[in-house]
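Q: Let me begin by handing over the structure; questions about it come next.
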Amino acid sequence: MTRVNSIIGFRPIPVTLLTVITYVSLFSALLFIDRQPPAVAKKGELDYWGVDIEEAWSDLEVLTRDFHPYNSRPNDDVRAYLLGRVQEILSRNGVSGFGNELQSSGYSGTVDLFDDGIPGKPGSNVTFVGAGSEDLTVYFEGTNIIVYIHGERPADELSPVLVSAHYDSVSTGYGATDDGAAVVSILQIIKSFTRPESQGGKRPKRGLVALLNNGEEDFLNGARAFAMHPVAKLPHSFLNLEGAGAGGRATLFRSTDAEVTKYYKRAKRPFGTIVSGDGFKAGLIRSGTDYSVFVENLGMRGLDVAFYQPRSRYHTTEDDARHSSKRSLWHMLGGSLATLRGMTDDTSKVFDSPNGSAGKGHNAVWFDLFGRAFSVLHLHTIFAFTITLIVVPFVVVLVAMWALGHFDKLYFFSNTAYIPPPPEHSIASRTTQGWRGVLRFPVAFVAASAGVVGMAFLINKINPMVVYASQYTVWTCFLSTWWIIAWVILRGADAVRPTALARGYGFLEQWLLWLVAMIGVAISIGKSHLGSGYWVLVFYSGFFTSAFISLLEMAALQKKSEVKIAVSGDDQAYPPEEHSQTGASGNISNRAANDDDDAGEHATEETPLFRGPNRPLSFAPHRNPRYDNGDHDSGDILVEEKDEAVYGGEQGWSKDLPSWTWILQFLATVPLQLVLAGSVALLLGNALAQTGADGSDMLTVLLGFGVFSIILLLPVAPFLHRITYHVTLFIFVIFVGTFIYNLAAPPFSPNARLKVYFQQTVDLQTGENNVHLVGHPDYIDRIVSKHIPSAKGKVDICQADKLKSGLRRCSWKGIAPRVVPQAPGGMPPEYGFSDWISYNVTKTGDGKATIKLRGRNTRACKLLFNKPLAKSPTLGNPIPGFPNTRELRLWSRDWERGWSVELTWEKEEDQEENKDSHSSAIVVCLWSDGNKVSDEIPALHEIRRYLPVWAIASKLADGLVEGSVPFMI
């Protein structure tokens with residue numbers, strides 16, 4: 001039995017080994033999955049899908065040669081390249097099609113290509129109200145590329161599926177991940193779905209609409225323009241491919257419902273959790289994707305799959321092919337192929353309701369396991385499980401405790417005196433000591449958690465941005481803090497006052513803790529329809545199971561009233577007749593009352609610091625009067641004789657407890673919990689660690705790290721007192737290193753550079769130009785004053801930025817831009833500012849005017865009004881019913897064509913005040929091409945050249961340069 005206990009019993013070596021192996025192996029696996037995308041499929045699998053990863057990578061390299069925002073010449077080059085590639089793919093596969101009019105749902109061909117914006121043909125123009133701003137109106141002319149691959153069944157019978165990506169980049173990023181990888185993936189998807197049968201092709205049951213839209217980065221404009229195209233009325237489901245990071249794995253960002261999410265299960269390497277979707281739903285993630293347009297404007301149901309890390313490279317020059325990989329590309333492409341094949345081969349009517357709409361699905365909860373398995377559940381099912389698990393286990397525990405109490409076997413919360421008691425001169429325990437250990441986990445939990453929270457406040461005070469480049473050292477510091485404090489308390493208490501109930505109390509009390517969390521989960525589901533607490537159910541169920549096992553263990557024990565205590569000293573167990581029942585009763589009650597806390601007499605200088613069974617109460621050589629009846633020497637003191645199955649100084653009755661059940665409890669509470677919580681922790685860590693550059697409160701981020709550090713170690717708490725000191729000593733060394741590092745290390749590095757945001761504004765009337773650099777308030781002043789030559793001693797003001805909350809803006813008179821070509825002669829650019837914008841205002845009536853405006857070398861301008869418009873501006877496809885416009889943004893598919901806009905204000909006599917005031921406005925045009933900054937935007941070139949190596953520039957707004965002219969109406 002001793003040998004068996006040493007192998008599988010609840011002993012230090014088995015517990016330590018299993019704990020260390022489990023945590024190290026699972027953490028290593030989770031980190032590997034998080035950092036390393038899966039390998040590219042072998043040739044056989046690529047041939048099965050009919051795709052070529054080398055060809056896709058070659059396309060990506062072409063697309064990312066230049067910055068290509070909508071308002072740039074390279075954007076036209078990218079569009080021409082993509083159009084040519086689509087035609088090449090269709091021609092190679094023996095199909096062709098080209099049209100701009102959708103006649104019916106029954107086509108004679110198999111593929112139609114729509115060049116939306118071809119010269120001489122009407123394109124998709126759209127006017128809409130800016131999201132979240134009622135006084136903003138946007139007019140946009142689309143230049144999308146649409147490929148409609150027809151299915152076996154017509155669109156009016158089975159709606160086609162939409163797959164979408166945007167081919168524009170931001171003005172400061174090459175767009176390899178945002179959204180080049182998605183664009184080249186769609187090229188390969190078109191290739192796969194149009195293969196002839198001789199090459200392994202298979203015509204889908206439903207059609208597939210492949211959309212390459214232009215203008216997503218500026219306000220989701222491309223998707224809104226697509227909504228005006230006739231093809232947009234056909235699909236009811238979609239897969240949107242995005243990029244909000246720079247490489248890594250593509251995660252399922254969000255989903256409309258469970259029915260459409262199930263298709264993502266077909267992906268060979270699924271990745272994602274509902275936590276990201278709930279982040280959008282709760283408004284915690286403010287950035288948007290085309291997903292919003294497809295759902296809110298077109299009523300579709302679908303998926304949003306996106307790259308999401310590292311955020312420090314997002315919208316910067318490091319979003320290039322060099323910082324991405326073929327592994328990342330294949331992860332998106334492979335998952336998309338499997339998902340779309342499932343969606344297009346589905347012949348059910350789940351997305352085709354009788355009224356012609358996409359119907360409505362059920363809220364979903366989803367998560368992956370090790371990037372290989374994927375679970376999709378209905379939210380209402382999770383809610384039902386939650387309510388059931390709150391009620392049923394609570395009743396089960398109460399019944400089990402009642403039954404154990406009824407049979408006199410409930411050792412928890414007991415201090416039952418042994419009858420007959422040990423002799424007067426024995427130091428053996430006189431009660432079951434069932435209360436011992438009841439407060440250990442609560443005290444350890446509170447103290448260790450307080451230590452982690454305190455550490456978060458300390459780091460936030462001294463070096464809050466260290467998590468930006470070193471999130472793993474922050475994780476390690478928080479984890480080691482909690483472990484050390486909890487271990488010292490739990491192991492120390494076990495050494496001083498050992499008890500066989502410590503593990504059981506730990507499970508029972510954690511189960512109650514997770515019960516409170518379950519109530520919170522139920523409320524979040526019921527009120528807000530948020531399913532991010534799915535992992536709490538696993539924690540709760542595991543700890544209920546383990547707590548119930550601890551209760552079942554007591555069924556193997558003797559009745560408390562039948563426990564006999566043997567003592568040794570003269571190798572004789574005391575006979576019952578030595579103590580009459582009457583004689584014992586007077587002492588039993590007193591001794592029992594004091595047995596658990598050993599506080600029978602007042603402390604003296606000889607009272608020991610620690611007391612416990614089998615320990616003398618003093619280091620002094622004389623007899624203790626408490627156990628001395630005058631007839632015995634100190635050497636005659638009797639101690640409790642315990643079975644070899646009893647560990648250390650634990651209660652003698654624990655010899656009958658099963659020694660192996662801790663393994664079941666460990667398996668119920670540790671592995672799956674670590675996998676689920678660890679996946680969520682890494683997702684949140686990657687998503688939040690670098691948001692400080694966007695103005696996020698770093699204390700909130702650090703506390704989030706702290707909370708999940710606590711959660712990750714809670715499963716091991718009931719076992720901590722059995723883990724040897726060697727582990728904690730090693731962790732302490734790690735803690736010291738990470739603690740010093742987190743307080744002293746530079747927060748940024750060449751691999752995780754702090755983003756600062758650039759824009760230059762020019763008053764074309766006065767010739768005054770200002771450079772604006774926005775960044776983190778702790779660093780932006782230093783960057784501008786110490787590193788930018790043109791700003792040294794010339795910074796006019798640094799103050800809180802109005803556009804980016806939490807950040808600080810520094811402005812100074814910079815080097816004049818040359819974004820508009822000038823006549824030769826070497827004149828300073830300031831002399832040509834007046835030619836950048838031309839406009840003409842004609843008053844057509846009281847409160848009415850027509851303005852014609854045009855910007856040189858641009859196709860993006862805007863009008864800012866001092867008074868809100870009374871009616872919608874008339875231009876393109878106006879949407880009636882949204883007056884009060886104070887800002888009108890204008891986008892044209894043609895260069896320097898300009899716009900003619902009819903405007904209507906309230907009549908002067910209808911205004912209650914400022915009757916004598918005139919309406920005024922400002923014409924602003926944008927220049928967004930950052931490819932020749934040394935010549936055209938030297939201020940940005942200077943910033944890129946002189947920024948410290950740990951900082952990198954990104955765009956502040958749609959235009960890198962804004963030129964403005966005010967006028968009166």
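Every residue, even glycine, has its Cβ placed from backbone N, Cα and C.
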Q: Among HIS150, HIS315, HIS323, which residue does Swiss-Prot annotate as binding Zn(2+) 2 at the site that also has ASP178, GLU217?
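A: When Swiss-Prot describes the Zn(2+) 2 site, the candidate it includes is HIS315.
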Q: Per Swiss-Prot, which one of GLU134, GLU141, GLU197, GLU242 shares the Zn(2+) 1 site with HIS166, ASP178?
A: GLU242
Q: Out of ASN125, ASN587, report back the residue that Swiss-Prot marks as N-linked glycosylation site.
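A: Among ASN125, ASN587, the residue Swiss-Prot annotates as N-linked glycosylation site is ASN125.
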Q: Please tell me whether the transmembrane segment (439-459) and the transmembrane segment (13-33) touch - that is, whether there are at least 3 C-beta pairs under 8 Å between them, with each pair 6 or more apart in sequence.
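A: No, these stretches are not in contact.
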Q: Apart from its near flanks, which chain residues at least 6 from the ends of the transmembrane segment (532-552) lie with a Cβ under 8 angstroms of it?
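A: Those are 273-275, 278, 365, 367, 377, 382, 385-386, 389, 393, 396-397, 400-401, 404, 412, 503-504, 507-508, 510-511, 514-515, 517-518, 520-521, 524-525, 661, 664-665, 668-670, 672-673, 676-677, 680, 711, 714-715, 718, in sequence order.
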Q: Between ASN840 (N-linked glycosylation site) and ASN125 (N-linked glycosylation site), how many Å separate their Cα atoms?
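A: So the Cα of ASN125 (N-linked glycosylation site) lies 23 Å away from that of ASN840 (N-linked glycosylation site).
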Q: Pick the one among the glycosylation sites ASN125, ASN355, ASN840 whose Cβ has the fewest other Cβ atoms within 10 Å in this structure.
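A: Candidates: the glycosylation sites ASN125, ASN355, ASN840. Fewest Cβ atoms within 10 Å: ASN355.
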Q: Mean pLDDT over the topological domain 'Vacuolar' (749-969): what is the value?
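A: Computed over the topological domain 'Vacuolar' (749-969), the mean pLDDT is 88 on the 0 to 100 scale.
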Q: Taking just the CA atoms, what is the gap between ASN355 (N-linked glycosylation site) and GLU217 (Zn(2+) 2 binding site) in Å?
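A: For ASN355 (N-linked glycosylation site) versus GLU217 (Zn(2+) 2 binding site), the Cα atoms are 34 Å apart.
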Q: Rank the binding-site residues ASP178, GLU217 by the number of other Cβ atoms within 10 Å of each Cβ and report the first-ranked residue.
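A: When each Cβ's neighbours within 10 Å are tallied, ASP178 leads.
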Q: Please indicate, using numbers and ranges, the residues of the same chain that are 6 or more beyond the topological domain 'Cytoplasmic' (491-505) and have a C-beta under 8 Å from a C-beta there.
A: 10, 411-412, 433-434, 436-438, 440-441, 547, 550-551, 553, 610-613, 646-651, 653-654, 657, 662, 665, 718-723, 725, 728
